Amino acid sequence: MEEGGDFDNYYGADNQSECEYTDWKSSGALIPAIYMLVFLLGTTGNGLVLWTVFRSSREKRRSADIFIASLAVADLTFVVTLPLWATYTYRDYDWPFGTFFCKLSSYLIFVNMYASVFCLTGLSFDRYLAIVRPVANARLRLRVSGAVATAVLWVLAALLAMPVMVLRTTGDLENTTKVQCYMDYSMVATVSSEWAWEVGLGVSSTTVGFVVPFTIMLTCYFFIAQTIAGHFRKERIEGLRKRRRLLSIIVVLVVTFALCWMPYHLVKTLYMLGSLLHWPCDFDLFLMNIFPYCTCISYVNSCLNPFLYAFFDPRFRQACTSMLCCGQSRCAGTSHSSSGEKSASYSSGHSQGPGPNMGKGGEQMHEKSIPYSQETLVVD
């Protein structure tokens, strides 16, 4: 396979060298334009999420807020590398930034992939505890703080992405003046066994970075939906609107994650398995040509997360409004009176402010532990 393919931005595959790819063309300015759009939206959106979380007082933050902030950090760390990849793609896969940035930017891609999905899984589990098991798991949620959990997730993500840092390098493409950023397995494998390393790393990253976390998220949201539906069956008719709203948001969160990442992992896995299954060259070429677009779709997730996990919350929107019209007199009152409380815990599971149902330290008293009352996404 030609080393200029976008697959080689990640693995440097060469498992179907018997096929001819002379008809393959790069995507010109389209893919770089998408990368830069994701860069602009991702830096703005994730920066706004971090600003909203950390402007609140520490005692008002809950574990879900830490997961939200960690997710934003992962996405922000990744999107700042996109100008490098946009340049690389625009130059028809000619890397001008040297070996160090080849290693670092590639490493950050995979750290982001693992850290993001782990944070989403942690957030899903946090919602599960808050809605399905609010009383029985209260002590667990207090013992294992969001900060400790996210620290463990980040360490795990950094370790899982380490093969990319070690094996990534740059080299001249044969018979051209182009410099490629690719995975070099020669330091750990013979030529005949490189495909095994490639397939092993590719399949394992899909399993650990998508299949297992997505299964956990689906399980959490299944029990959340079941609990919400069971509760609202006891409510009056007007409660049906809240049920539909919450359940639809849950569906949007899960489906969006799947739509963004499933094409990437599916196409990547199919291509990697080509060494074993010997796909026809036409199908192999098809996989290689659509992979750059699947990659773009997965990257878009890094700029959608702020909207999906924060902008659905009216309290977060209030905080954004307070910031955007910070210098205007018409917003001064709102900014001083409500932004501190309303932006303190915009994430799901812990966003109810002090009130008649709050105990010491702002902990929720369980008046039968109404599940939906702990879910910000149903606030009118």
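Every residue, even glycine, has its Cβ placed from backbone N, Cα and C.
Annotation comment: Swiss-Prot describes 342-351 as compositional bias 'Low complexity'. The compositional bias 'Polar residues' annotation in Swiss-Prot covers 371-380. Taken from Swiss-Prot, the feature disulfide bond applies to CYS19-CYS281, CYS102-CYS181, supported by a large-scale study or a structure entry. Residues or ranges marked as N-linked glycosylation site in Swiss-Prot (evidence: sequence analysis): ASN15, ASN175. Marked as region 'Disordered' by Swiss-Prot: 342-380. Marked as site 'Required for APELA and APLN/apelin-13 interaction and signaling' by Swiss-Prot on the basis of experimental evidence: TRP85, ARG168. For 1-30, 87-99, 165-198, 271-289, the entry in Swiss-Prot reads topological domain 'Extracellular'. The topological domain 'Cytoplasmic' annotation in Swiss-Prot covers 55-64, 126-146, 224-246, 313-380. The transmembrane segment feature in Swiss-Prot is assigned to 31-54, 65-86, 100-125, 147-164, 199-223, 247-270, 290-312; the stated evidence is experimental evidence.
Features recorded in Swiss-Prot, as mapped to the structure shown.
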residue	record	DSSP (3 states)
TRP85	site 'Required for APELA and APLN/apelin-13 interaction and signaling'	helix
CYS102	disulfide bond	helix
ARG168	site 'Required for APELA and APLN/apelin-13 interaction and signaling'	strand
ASN175	N-linked glycosylation site	coil
CYS181	disulfide bond	strand
CYS281	disulfide bond	helix
- Item | Distance check against CYS102 (disulfide bond) for the recorded positions ARG168, ASN175, CYS281, keeping those with Cα within 10 Å | ARG168
- Select the closest residue to ASN175 (N-linked glycosylation site) from the following recorded positions, measuring between CA atoms: TRP85, ARG168, CYS181, CYS281. CYS181
- Calculate the distance in Å between the alpha carbons (Cα) of CYS281 (disulfide bond) and CYS181 (disulfide bond), and round it to a whole number. 24
- Test the contact criterion for the transmembrane segment (31-54) and the transmembrane segment (290-312): 3 or more CB pairs under 8 Å, pairs 6 or more apart in sequence, then answer yes or no. yes
- Message: Tell me whether the transmembrane segment (290-312) sits in contact with the transmembrane segment (65-86), defined here as at least 3 Cβ pairs under 8 Å among residues 6 or more apart in sequence.
- Response: yes
- Message: At 10 angstroms around each C-beta, which of the disulfide-bonded residues CYS102, CYS181, CYS281 has the fewest other C-beta atoms nearby?
- Response: CYS281
- Query: Within 10 angstroms of the C-beta of ARG168 (site 'Required for APELA and APLN/apelin-13 interaction and signaling'), what count of other C-beta atoms is obtained when all protein chains are considered?
  - Reply: 23
- Item | Of TRP85, ASN175 (the recorded positions), the residue whose Cβ has the fewest other Cβ atoms within 10 Å | ASN175
